[in-house]
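Everything below concerns the one structure shown next.
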Amino acid sequence: MNSKLTMGLTHVFLIIFGLIWIYPFIWMVSSSFKTNASFLTSGSNPIPEELHWENYARAWNVANFSSYFLNSVIITLGTVIIVVLLSCLTGYALGRVDFPGRKTIIVITGALMFIPTGYTIIPLYELMKFLGLSNTIFGVVLAESSGAHVLFILLFAAFFSRVPKEIEEAATIDGSGFLGTFFRVILPSAKPVVATAVIMQFIWTWSSFLIPLVLTLNNPELRTLAVGMLSFVGKYQTDWTGMAAGASISLLPVILIFIIMQRYFIEGISGSVK
Amino acid sequence: MSKTKLKVNKQTKKRYIWAYAFILPQLIVFLGLSLYPIIMSYVYSLYDWSGIGPMTDFVGFDNYLKVFSEEKFWNAFKNTFIYTAGFVTISVSIALLFALILNNPKLKGRVVYRTVYFLPVVTTTAIVGIIMKNIFGNTGLINDVLQMIGVIDQAVPWLTNPVTAMIVLIIVGSWKEIGIIMIYWLTGLQMIPKELYEAAKIDGASSWQVLRHITLPLLAPIGATILLLTTVSSMRVFDLVKTLTDGGPFFSTETLELYIYRFAFASEGPSQVGYASTVGVILGVAVFIISLMLGWIVMKVNKHKNKDAISTGGKKL
């Protein structure tokens, strides 16, 4: 078998299939630059005649995407900070200190991975109502941080358990306490794990739908981009190009972050599967 | 001597206290926002409760009897399984195909290809649903292209026909998740010892033989794990269904999560939180039973594989 030919055919297959694969994104971006009239007549032709930026202006101003965007940013940042901080603290204690009860906690943490938490949305909603936090940004952030971040905890624990003891001892001799050693010496060395956790949690929260949908049912002002899109489509049924512009605004940050960090991201995932 | 020991003890004790302090915040979040809601969904399911006012109407297992006699519940139950079966079959097998192709170290640009096929994974499902609603719409791209190349004469109403709506849902769901499943498979492929391939090459095995006798058997354990992960996650499908079909037409794509949402948060009359929680509990139990069954398969395959690998290895070497 001619291996050069096989390789060439493989590339042809991968390129054609890859184009089909990302066509929905190309379609979305190109539609966002068309007029509604040319959108309906141009069919599958992805190239717009001229760039109509006003679709973006309409989505941003008229359809409230500016405030949806801000809500998404605040909720995502809040959740990322809480989740990454909590899981790195827990991971350090588990990976570094052999305290009584450590094994029990590790076993429970591992078992949690298999407890389905997807159906807890009703009690979460009632809890937020009880705490007076429904229809507040803080309530959404808290609910978003609720999942068991077993994956991150285990990643941090594994990383911290490999940090040489000498580093910690040297810091202690220099008069650094437990807390100081952790924040000044140990944590900075964990940058790759922190980056992985930040990116993964960012993408999860940015794309989250059910929790923000339910917790902002009575306060449309607090909608995130994903939830706002749904109401946009319901309200402006015929404004396809405005819809495409809104979708582009919603997906752009997450796609950019992914493309910039894709090495970290894909490796982080495959590392955790092992 | 005893003085130093005392000092060490004191220091160790301090470390323990710090460790507990480090774990405490996560523990509070876990108890309050994970464990408490899990327990409460069982409690709610025993009450006839609209979610407003105090919970006073204890009805025992009445909600469960009501759920099981409800036709729409069984419909949602069935749809969830149809979706899961279709999704798992398509996505796991195509992801394996991609992984096998993209695992070839001689293939140039494979990082770029992996990135391209991974892209849908990171995008927001709800927005993908809305975009796909357009693409599969009556005047959408799919109909347009199929008409252009002459496969169909008339636009097919993909999303308003019960059968095709489910098929589109499965295809879009698979497209969205294949990238991540491909990464799982790639991890499995990279764990296979290189020596086995070298030995097979020396023995003059064809690539088909290598695939059949080395690659696939050694992938079995991770394959079982992938089956577990994809099945469990697809049983909780919500975002995509809500935005792509909203359960329609005529409830033909309504899954259990959508059913729960409808009764708890989007009901036309007063909400039925107790009833919806009951369905939530049943979904949770169903997912748990399926995880146990698949977990058992994972263990079985792992045991079997170890024996298999030894015999294959022995024969080849």
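Placement of Cβ uses the backbone N, Cα and C atoms for every residue, glycine included.
As written in TrEMBL, here are the features:
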- B:16-39: transmembrane segment (TRANSMEM)
- B:77-294: domain 'ABC transmembrane type-1' (DOMAIN)
- B:81-103: transmembrane segment (TRANSMEM)
- B:115-136: transmembrane segment (TRANSMEM)
- B:163-186: transmembrane segment (TRANSMEM)
- B:216-238: transmembrane segment (TRANSMEM)
- B:275-298: transmembrane segment (TRANSMEM)
Leading stretch by Cβ pairs under 8 Å, where the reference is the transmembrane segment (B:275-298) and the options are B:16-39, B:163-186, B:216-238: B:216-238
Interface-richest range of B:16-39, B:81-103, B:163-186, B:216-238 toward the transmembrane segment (B:115-136), CB pairs under 8 Å: B:163-186
Ranked first among B:16-39, B:163-186, B:216-238 for CB pairs under 8 angstroms with the transmembrane segment (B:81-103): B:163-186
Cβ-Cβ under 8 Å with the transmembrane segment (B:216-238): same-chain residues at least 6 beyond its ends: 80, 83-84, 87-88, 91-92, 96, 173, 177, 181, 184-185, 187-189, 191-192, 196, 255-258, 261, 283, 286-287, 290-291, 294-295, 297-298, 301-302, 304-305, 308-309, 312
